[in-house]
Amino acid sequence: MAGFGLKRWWVGLGLMMRRRVLVGFIVVACLFLVAEPRLEQEKLSLSESSSEEIVVESGYLNKLWSLMWENGKVGYEHVWPEMKFNWKIVVGSIIGFFGAAFGSVGGVGGGGIFVPMLTLIIGFDAKSSTAISKCMITGAAAATVYYNLKLRHPTLDMPIIDYDLALLFQPMLVLGISVGVALNVVLADWMITILLIILFIGTSTKAFFKGVETWKKETMIKKEAARLMESDNGTEDMAYRPLPGGFANGRQTYVLESKKEVYILDNVYWKELGILFAVWIAILALQIAKTYTSTCSVTYWVTNLLQVPVAVGVTSYEAVSLYKGQRTIASKGEAGTNWKVHQLILYSICGLLAGIVGGLLGLGGGFILGPLFLELGIPPQVSSATATFAMTFSASMSVIEYYLLKRFPVPYALYFVAVATIAAFVGQCVVRKIIRILGRASLIIFILSFTIFVSAISLGGEGIVEMIEKIERKEYMGFDNLCTYSS
């Protein structure tokens with residue numbers, strides 16, 4: 001009867017729910033497989049070093065709770081390995097190179113690959129890895145933006161970067177970065193590790209199924225494109241391309257894209273760019289001024305809170321202009337002129353959350369902004385370029401904040417920034433050409449999904465072991481005090 005009931009329950013689940021259940025079982029099994037050898041080794045070492053009977057207690061949660069709330073303790077001590085040429089640097093550089101190349105093309109920054117690489121291979125602690133990851137994201141994003149400045153929208157007569165879209169999200173994104181950096185100081189390493197695992201597994205699982213879906217769509221599009229090209233005479237200066245994501249009434253839209261060179265100076269909206277830089281400089285000035293105040297003093301908190309009217313003011317200005325029709329999200333075409341109040345509020349909050357996640361976990365805001373832009377109906381090319389553009393401001397802001405907190409070694413950061421910058425140029429120039437030749441952008445989705453999933457499993461196993469070892473050693477594992485923090 002029990003077996004029959006289990007079968008009925010399984011059959012009653014939807015296809016997507018079955019997939020999630022299976023992925024959950026696989027993840028849990030992999031985490032225990034990774035953690036078990038280390039736990040056995042730890043148990044043997046404990047039995048050899050002590051002649052007393054080892055009593056295995058079941059109250060890990062009680063221990064953890066007591067260790068989290070010991071007043072007056074600061075548990076964070078950074079781990080910075082010595083910078084020298086060895087296999088770790090070589091392997092880390094290779095992984096970082098491919099992560100930056102693929103991340104720059106996808107518009108997600110690559111933080112999902114950088115952080116595990118820095119933690120598991122190079123040997124940094126989770127918080128330092130987060131800070132160096134932001135440095136790498138900044139270098140890769142800056143290189144990608146420079147590359148995109150000369151590109152045009154795939155279907156409309158406008159730049160590939162939608163400056164009005166960036167103006168709606170970027171101020172709240174930068175504000176969220178400040179909140180995320182503060183949370184990165186307060187939260188313990190194991191808390192950040194758990195958040196990383198959840199985000200990586202969710203991202204990799206969704207990316208895998210998205211890759212399968214994209215592969216099937218690409219197969220259909222290639223067949224339809226071949227059929228249409230047979231009846232099209234074509235010209236030498238016009239290129240036939242499908243518009244990915246441009247589904248209208250369930251049908252894929254095809255466009256003709258003109259191949260013309262555009263000067264960078266003529267392809268920038270200087271007014272919008274000036275406003276974005278003004279927001280960045282204003283919040284940066286407040287962050288620098290904060291370092292000259294006593295931590296947690298009245299002046300300290302006032303300086304922090306002054307960031308709110310700056311970011312909210314600019315975002316509100318853009319939102320009101322969009323609502324009244326004075327501005328438009330041109331990359332959406334005619335659909336970019338009709339906005340509702342709740343939509344604008346929701347998108348502003350999403351920008352804030354993207355910044356918090358980016359500052360806390362060392363990820364690019366593109367992990368949230370990219371999918372959100374696609375949901376808005378923005379073409380993937382524009383979505384990727386605009387998300388990377390906004391990410392450049394937010395990532396560079398967090399790098400400066402981490403530097404003021406002395407959260408990363410400068411030589412290591414400079415080296416990996418150079419790797420990420422070169423990789424971003426290579427990714428834009430080479431990877432896009434390969435995708436254009438093969439017609440299979442889904443290949444990159446599969447590679448990213450696999451890499452992030454393996455990183456999540458490895459990081460999860462190590463995190464579980466370290467957490468149990470700290471509980472056994474009765475080390476402090478709780479929240480750090482922002483007011484008493486010292487680097």
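Each residue, glycine too, has its Cβ placed from N, Cα and C.
All annotation found in TrEMBL is predicted automatically rather than curated by experts.
Annotated features, as they stand in TrEMBL:
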{"type": "TRANSMEM", "residues": "89-119", "note": "transmembrane segment"}
{"type": "TRANSMEM", "residues": "131-149", "note": "transmembrane segment"}
{"type": "TRANSMEM", "residues": "169-201", "note": "transmembrane segment"}
{"type": "TRANSMEM", "residues": "268-289", "note": "transmembrane segment"}
{"type": "TRANSMEM", "residues": "301-323", "note": "transmembrane segment"}
{"type": "TRANSMEM", "residues": "344-373", "note": "transmembrane segment"}
{"type": "TRANSMEM", "residues": "412-435", "note": "transmembrane segment"}
{"type": "TRANSMEM", "residues": "441-465", "note": "transmembrane segment"}
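Long-range Cβ contacts of the transmembrane segment (131-149) within its own chain (Cβ-Cβ under 8 Å, at least 6 residues beyond either end) map to 96, 100, 103-104, 109-111, 114-115, 118, 124, 159-161, 264, 267-268, 358, 362-364, 385, 388-389, 391-392, 395-396, 398-399, 402, 407-408, 412-413, 416-425, 427-429. Against the transmembrane segment (344-373), the recorded stretches 169-201, 268-289, 301-323, 412-435 differ in Cβ pairs under 8 Å, and the greatest number is found for 169-201. Take the transmembrane segment (268-289) and the stretches 89-119, 169-201, 301-323, 412-435: counting Cβ pairs under 8 Å, 301-323 has the most. Here the transmembrane segment (89-119) does not touch the transmembrane segment (301-323). Their Cβ atoms form fewer than 3 pairs under 8 Å, with each pair 6 or more residues apart.
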